[in-house]
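The structure appears right after this line, and notes come after that.
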Amino acid sequence: MAIIYNEERQQFHLFNDEISYIMELINEEYLAQVYYGRNVQTFNQRNPYPYVSRSSFSPSPADWPDRHFTLDAIMQEAPGYDTSDYRQSIIEVTYPDGTQATNFKYESHVIFQGKKPLEGLPATYIVEEDEAQTLEITMLDAHRQFKAILSYTIYTDRAVIAKSIRYVNASPETIVLNKAASACLDLPDYDYELIQMTGSWAREKHLKRDPLTMGIHTFDSKRGASGSAQQPFISLVRPQTTEATGEVYGFHFVYSGNFAIEVEVDNYEQTRVLVGINAHHFSWQLEPNQAFQTPEVIYVYSNQGLNGLSQTYHHLYRERLARGEHQYAERPILINNWETTYFDFNEEKILDLVDGAKELGVELFVLDDGWFGKRNSDKTSLGDWFVNREKLPGGLEQLAKKVKARGLKFGLWFEPEMVSEASELYQAHPNWALQVKDYPLSKGRDQLILDFSRQEVREAIFNQMTAILDVVPIDYIKWDMNRTMTEVGSIGRDAKQQLETSHRYMLGLYDFLERLTTRYPHILFENCSSGGGRFDPGMVHYMPQSWASDNTDAVERLKIQYGNSLVFPTSMICAQLSEVANHQVGRITNVEMRANVAMSGNFGIMLNLARESQADLAVVKASIEWYKTHRRLIQYGDFYRLISPFESNETAWLFIDQAKEEGVLFYFQILSQASQPLKKVKFQGLDPDSLYEIRGQILSGDELMAYGLYLNHEFYGDFQSKRIPFKKINQ
Ligand code: DGJ
């Protein structure tokens, strides 16, 4: 791995064994993208700029001698604003004179070993200095004394570039940032299909693939959270790209608030991808000599199809984004009381559930919403984080003690960012909620959002939480967030700074999470936002697992978990076997199917054990036993998508350990069909030259991948599933 600057050709080449990323200076001024793709050992060309004649109304930059050159036509790394590149730009700045023209030119660069942390923001990191190299290129608008410092990190053995920008006001006056993107990548053509991860509450991360067309396409969130409607991710793939073959580019934003990914195909058929904080409800007063650090974007390239892309993201996120004691730890099998009791519980009911769970082999009990204040419905008490003695007379200490005496760990639900109007906290501090002064506030689930941009508000919640966590032996926290933002204003903040609130909120949240997770390193944190409403790489940095969806229906979960797997490794995706009729969609599926789907993630259960049949409980118990002996493989093995639920009545995926010695195939068929065609499942990721023992047969890896297995003729009835372990045999 290296980053080289070729003085003669004014070219930067970032490369490792898998990828190359090449940029060049035009006339020592403009920074152009040249090539990003599979590794090129030596590169000796330059792009034909600026000598190509492109008939255009687009002007040439000031002082440029050749009128055939326009910034509008070149593949730029730092496109400015109002100076002849008419495409989407990385910034929009308002200067003290009210104007906006900004034109960045190369000033200097530096190459260094390693990677710097991004102050106050989640980011990928290094453990050893020699894991990565970083190139920082300073671009300057000399008339404005405004700088963009572009940072590119390349890892030694990952097909990854981590990109961010630091904007610096080197002028003596305050300027206003209205848009400050993190990354711009221009590609020379648009022969791509675009994959987005889209959805809604309880339908998160559905994959949608469409041909890329001309014009500007925006994928964004203005919800104050990354949201369930759109993951801060897109991928561009060649039309012929499959799971196993073909070119793929991925762009994933390490941020949990408002974002925008703009994909623009211009009139020269070039593709621009811009990623950053959404310009909606954003502005930043940048004082003299101050910098604005943007969050980072993770670029991944693969020429081995979507699976190649996923493997790279999975390993990076597990190894260099997640942190802490649980980063590589086997995750406990939990039971959660939410769908069993909702708000209606007491210590006795909870302990009955725990007793039943112990019989089944469950390892962790999670007390969900309703244990605090006067919380008997979702209309009250958020912000009052002290125990409800009517429900739990002996307090959390006693309950935790009793749960632990039964051999289970104890976990607790919080929704720290929220406040109910009917709460002691709100009555005492009505101006602690996010609000636009004297303006009616929209409510979501009857709750308001605390102004986490303010230190004193965060401090009050932090103190309430630590008062519990310092005395109750808590092993796990589910951190929930059940509404998105509206009327985003901050009481007491200067009028000019009101539009900084959304981003300051995120900085406040990250600061809170950093403090809390550092203070309680043994606690396993699970991220939740009405399911997967804020499941993004930013949160992964603080919480190593996420509740993927409130939707626990086995059929719906196939799509949700399959979609998640495009970027997130299994150890981060939580799944639970719940009762039927399913509470979200009313479907009745058999317990084997529900178990097999939930066991394809971090397994848990959410069942009213008193209501389940003995036969079904026996299946749950056997599933828990099986999972315990296979969970390292499932949580930390390599994951391969084989058949997509978005395209078929079947779904298949497999897990295999990194040595390719042991694996398990999961195969699902949703609806039964008479006289159905025979269908094969073709494996991936095996060692072609090894023999595997599978279903009592000895078959070669080659054979399983090329020919596959026929399985669907064994199914009868709706909602069928198979779990097929296999092992390499010593030859
Ligand atoms: C939304 C979560 O996704 C559920 O699992 C549950 O914790 C509820 N919130 C509780 O209010």
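The chain as shown is numbered from 1 upward.
Quick reminder: no glycine exception, Cβ is built from N, Cα and C everywhere.
Heads up, TrEMBL stuff is auto-annotated, nobody curated it.
Features reported for this protein in TrEMBL:
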DOMAIN    30-287  domain 'Glycosyl hydrolase family 36 N-terminal'
BINDING   W201, D368, D369, R445, K478, W479, D480, M481, N482, C528, D550  substrate binding site
ACT_SITE  D480  active site, nucleophile
ACT_SITE  D550  active site, proton donor
DOMAIN    650-723  domain 'Glycosyl hydrolase family 36 C-terminal'
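Overlay of TrEMBL feature records on the structure.
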| residue | record | contacts (Cβ under 8 Å, 6+ apart) |
| --- | --- | --- |
| W201 | substrate binding site | S228, S530, G531, G533, D550 |
| D369 | substrate binding site | W338, Y342, F343, R375, D378, W413, E415, D480 |
| K478 | substrate binding site | N336, V366, D368, G411, L412, W413, F414, E526, C528, W547 |
| N482 | substrate binding site | E415, M418, G444, R445, Q447, S529, S530 |
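Pairwise Cα distances among W201, D368, D369, R445, K478, W479, D480, M481, N482, C528, D550, which the record gives as the binders of substrate, peak at 19 Å.
Note: the domain 'Glycosyl hydrolase family 36 C-terminal' (650-723) comprises 9 helix, 31 strand, 34 coil (DSSP; helix = H, G, I, strand = E, B).
Under the DSSP three-state reduction, K478 (substrate binding site) is assigned to strand. Under DSSP, W201 (substrate binding site) is assigned to coil, being neither helix nor strand in the three-state scheme.
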